[in-house]
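Q: For reference, the structure I am asking about is given below.
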Amino acid sequence: MRVVFFGTPSFSIPFLRALLEDPTFEVIATVTRPDEEAGRNHVLTAPPIKIAAAAAGIPTFQPTMLKSDDARETLRAMRADVFIVFAYGRIIPKAILDLPRFGCVNVHPSLLPKYRGPSPMQSAIQNGDAKTGISIMLLDEGMDTGPLLSSVNIGLDDNETIETLTKKVEEQGPGLLVETIKRLAAGEIVPMAQDNAQATICKSLDREDGHIDWNRSLAHIERMTRAYKGWPGTWTTWNGLRLKIQEVAEADFNADLPPGTVSVKHNQLFVDCADGTLEILTLQPEGKPKMTAEAFLRGYSTIDTAVLT
């Protein structure tokens, strides 16, 4: 089966590898976003999926506009049986969705129709869900609205982070994808329409989404630190200094101070929120490395009694 794989970040690579390792599939090309400048020196950098494809001897197509006639004709000439998409990062127009005979199959890390959109894993953790999952679907012109082909549940631990959930998706998703494509090609799957009445939407995250509102509950803020590790991170400010809050825990006492108020006890750092007191275990002042609260207090002892914003 001739496959064209659409993906961009390193998160996509295990799915590409699963296809490469199965003799059923002939991955004839990958499609990814154009190279972008990265780092302080603005070095032009290839997307991770392009690097992985090159290592496997597979050509990569990097269209600037998928809606262009040139992009459509380039993809048509590949004569793919199926397009497979995971974390590509761009909307694929109908003229391209209609090219392969088995359609365009997408991997989405939620139990659709819940959490349609670009941040389903973060949303599941932030909302305190007990489970999420992976859905395999046929793409249509909507945002994650196409008919479902298969799914698998993934349980969420009490201390689940975006990093640990990513690993679970990488472990369970590729096998589900391979099995689903084979069954689709064999005519063993009848695509099932999603129940739009049950749909929820999640947004693209920006840095402001990680800004801590200390008037929120202890549970909400604690889940933020686990859901938003990496990007956008969870942060607050003190006297104009941005503090990235990395790890927290519920304190074994309630200081009963106004939300955002800092207290220091026995070289431990605490902040009050709407319904309790959080202990800050690790944090990262702007321009500094990650450090323990004890190490932070050695250089910033005047934070005691301050109000974070």
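Glycine residues also receive a Cβ, built from the backbone N, Cα and C atoms like all the rest.
TrEMBL: automatically predicted annotations, no manual curation.
Annotations for this protein, taken from TrEMBL, read as follows:
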- 1-181: domain 'Formyl transferase N-terminal' (DOMAIN)
- Ser110, Leu111, Leu112, Pro113: (6S)-5,6,7,8-tetrahydrofolate binding site (BINDING)
- 205-300: domain 'Formyl transferase C-terminal' (DOMAIN)
Q: Report the mean pLDDT of the predicted model across the domain 'Formyl transferase N-terminal' (1-181), rounded to a whole number.
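A: Averaging the confidence scores along the domain 'Formyl transferase N-terminal' (1-181) gives 97.
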Q: Give the residue from the binding-site residues Leu111, Leu112 that has the most other Cβ atoms within 10 Å of its Cβ, counting over every protein chain displayed.
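A: For the binding-site residues Leu111, Leu112, the Cβ with the most other Cβ atoms within 10 Å is Leu112.
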Q: Quick one: DSSP breakdown of the domain 'Formyl transferase C-terminal' (205-300) into helix, strand and coil?
A: 21 helix, 38 strand, 37 coil
Q: Please report the three-state DSSP label of Ser110 ((6S)-5,6,7,8-tetrahydrofolate binding site).
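A: Assignment for Ser110 ((6S)-5,6,7,8-tetrahydrofolate binding site) reads coil.
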Q: Beyond the listed site residues Ser110, Leu111, Leu112, Pro113, identify every same-chain residue whose Cβ lies within 8 Å of the center of their Cβ atoms for the (6S)-5,6,7,8-tetrahydrofolate site.
A: His108, Lys114, Tyr115, Arg116, Pro120, Gly133, Ser135, Asp144, Ser151, Gln194
